[in-house]
Structures are given as structure tokens and as C-alpha cells.
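Taken from Swiss-Prot as is:
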BINDING   GLY81, ASN112  anthranilate 1 binding site
BINDING   GLY81, 84-85, SER89, 91-94, 109-117, ALA121  5-phospho-alpha-D-ribose 1-diphosphate binding site
BINDING   SER93, GLU226  Mg(2+) 1 binding site
BINDING   ARG167  anthranilate 2 binding site
BINDING   ASP225, GLU226  Mg(2+) 2 binding site
Amino acid sequence: MADLKPYIAKAASGEPLSLGDAKAAFDIMMSGQATPSQIGGFLMALRVRGETVPEIAGAVASMRSRMIPVIAPDDAMDIVGTGGDQSGSYNVSSCTAFVVAGAGVPVAKHGNRALSSRSGAADTLAALGINIEADADTIGRSISEAGLGFMFAPMHHSAMRHVGPSRVELGTRTIFNLLGPLSNPASVKRQLVGVFAPQWLEPLAHVLKELGSETAWVVYGDGLDEMTTAGTTQVAALENGQIRTFEITPEEVGLRRCSPAELKGGEAAENAKALLGVLEDKDSAYRDIVLLNSGAALVVAGKAENLKDGIAQAVQSIDSGAALAVLQKVIAVSNDKPA
């Protein structure tokens with residue numbers, strides 16, 4: 001039986017683990033060969049020292065090797081946040097996913113139940129009538145027929161059950177908060193990823209590059225794990241093998257700046273109603289932040305030349321009813337009915 005103890009000692013001494021060592025350590029944990037105490041000790045040793053790019057990449061490689069995969073087109077993308085920003089905001093990435101799919105980009109959306117908000121992606125999508133526990137074949141069909149499929153993380157990463165109890169008992173952020181957005185079961189190569197703190201922007205962009213992503217924007221929106229219309233968004237963009245950083249304000253792309261209070265969400269039913277309102281073309285601060293994130297996603301997907309062009313395409317996706325049609329098709333296909 002493999003032993004986690006040498007890796008705990010290495011991490012606790014402040015020594016960084018190589019990608020190979022990190023993968024080996026996570027393989028031990030994810031296969032049920034470590035005790036809850038060992039898992040907790042290892043995770044906190046990494047957290048206190050600060051997780052490195054090779055360690056995150058090794059952990060993701062371990063998760064990806066065990067996941068139940070979903071078949072998606074080569075040009076599919078994911079739009080996802082780490083959660084953990086404590087903002088209680090609307091489900092921006094979920095709504096953005098429908099708008100982007102309505103603009104013609106296949107979306108393989110990976111998500112979970114609430115972490116920092118009162119309603120996570122899975123909670124809100126379930127409230128809209130989507131079967132979040134659909135099997136991999138049904139999700140693949142949803143992506144090809146509706147343009148979007150939702151992959152509920154626990155259904156695809158069952159090995160996480162071995163680390164779940166330790167995470168709950170620790171009650172604080174660990175490396176696993178960073179791994180979900182990097183472990184998409186459809187192995188997409190294009191991502192818009194939101195992070196809960198700005199220090200993770202460049203490291204996660206480097207991890208995505210290390211793991212084979214072609215284009216990605218890692219974003220932090222002034223307290224939100226997405227691009228924001230309530231302040232300045234910081235971006236680390238992976239494009240053509242290079243990583244560059246820049247900032248974006250809503251005004252420079254023609255959007256109204258709002259107050260953080262205007263982006264506050266509620267329970268799943270309330271968030272579902274608000275999401276539907278955006279897709280039904282009701283003007284709101286929520287619509288504006290979705291347009292900003294959709295514009296960025298369309299740039300990442302290679303569908304838009306720049307952010308303003310992407311936002312214009314996002315407006316068209318909503319105004320034409322295409323985004324709402326995607327939602328209706330996903331509800332039908334996920335429940336195994338004709339689209």
C-alpha cells in the first residue's frame with residue numbers, strides 16, 4: 001500500500017513537490033489509501049506554504065486520470081469559477097454559458113453545488129428544470145444537440161469521496177478549491193476561469209498552459225470570481241503560448257458600472273428566476289455582467305475579435321432568443337426528451 005507520509009513530511013518542511021510527486025501524492029489520496037488525518041495534514045501543509053504550479057498541475061493530472069469523461073467537440077469551452085469568493089452573487093458563469101452557446105460556441109459546463117453563494121451553478125440549473133445528474137452519454141448529446149451540457153462534478157469525480165470528509169472537517173480553503181475548474185470532464189482546451197483571489201491569476205494560467213489549454217482567460221473581478229461591472233477586472237490571458245496580464249473596466253467596453261449590491265443573488269429559485277429574466281431580455285445589472293463575461297468567453301473561443309465585438313454578439317444571442325432556446329433544449333435533452 002502506497003504511503004502519503006513521505007509527501008506530508010516534504011510539504012511540511014517547506015520543500016516544493018515536483019509535478020510527478022504531487023500526482024503520486026494525490027493518487028494515494030484519491031484511491032482511498034490515506035487516512036483522513038493524513039489527508040488533512042497534507043492539504044494544510046500545502047496551504048500554509050502556498051501551493052505551486054507543478055503541485056496544482058500534478059493534482060489536476062491525478063483528478064483527470066480518474067474522471068468519467070464526456071465527449072465534446074474540439075472547439076467546446078468551459079466557463080467556470082472557483083467559488084469561494086464569499087460574495088453571494090448571481091450565477092454569472094451559468095447564465096453566460098447559455099448566451100455563449102446561443103452565439104454558436106459549444107459549452108461543456110462543469111460545476112457543483114453552492115460553495116460561497118447561497119446557490120451554486122448546480123442548484124440554480126436544477127431549479128430551472130435541468131437534470132444535473134444526467135449520465136455522460138446524455139450530456140454529450142446535450143452538447144451536440146443543444147450547444148451546452150452541464151457536468152455535475154460529483155458525478156464525474158467520484159474519487160473525491162475519499163477526500164470529502166477531510167475537507168469538510170478542515171472547513172477552510174484547500175488546493176481542491178482550485179482543481180474543479182481545471183478538471184473539466186470534456187477535456188476542453190478553451191476556458192474562461194474566475195478565481196477567488198488575485199494571487200491565483202497567473203499561477204492558474206500557467207497550470208492551464210502546462211496541461212495543454214490553447215486559449216484561456218483567468219479573471220478576478222474586484223471580489224468576484226468572474227469579470228465584474230462593479231469595479232475593475234484583472235485578467236491573466238493565455239494566448240499563443242504566452243501569458244499576458246491586463247485590466248478591464250466596464251466603461252471602456254460600453255457597459256454601465258453598477259454597485260456590488262446590484263449583483264447580490266438569493267436562493268436557487270430566486271437565482272433561476274433572475275437568470276431566466278436575463279435570457280428573456282430584461283434589462284438589469286445582472287444582464288450587463290453576463291454580457292461582459294460572454295464577450296470575454298467569445299474572445300477566448302476565437303469567435304470574437306475583441307471584447308466589444310464579443311459583447312455585441314452576446315447581445316444578439318439574447319435579443320434573437322437563441323440563448324433562451326439553448327436553455328429550453330438543455331432542459332429537454334437532460335431529461336431524455338426530444339430537444
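Any Cβ shown, glycine's included, is placed from N, Cα and C.
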Within the same chain, the residues at least 6 apart in sequence whose Cβ is under 8 angstroms from that of HIS110 (5-phospho-alpha-D-ribose 1-diphosphate binding site) are ASP78, VAL80, MET151, ALA153, HIS156, GLY180, PRO181, SER183, ASN184, PRO185, ALA186
Where does HIS110 (5-phospho-alpha-D-ribose 1-diphosphate binding site) sit in DSSP terms: helix, strand, or coil? strand
If you measure from the C-alpha of GLU226 (Mg(2+) 1 binding site), which of the binding-site residues GLY81, ARG113, ARG167 fall inside 10 Å? GLY81
Which residue, out of the binding-site residues SER89, SER93, ASN112, shows the minimum number of other Cβ atoms inside 10 Å of its Cβ in this structure? ASN112
Indicate whether GLY81 (anthranilate 1 binding site) is helix, strand or coil by DSSP. strand
Under 8 Å Cβ to Cβ from ARG113 (5-phospho-alpha-D-ribose 1-diphosphate binding site), same chain, six or more residues apart: give me those in sequence order, or none if nothing qualifies. GLY120, ALA122, ASP123
Coarse DSSP state, helix versus strand versus coil, of SER93 (5-phospho-alpha-D-ribose 1-diphosphate binding site): helix
In three-state DSSP terms, GLU226 (Mg(2+) 1 binding site) is classed as coil
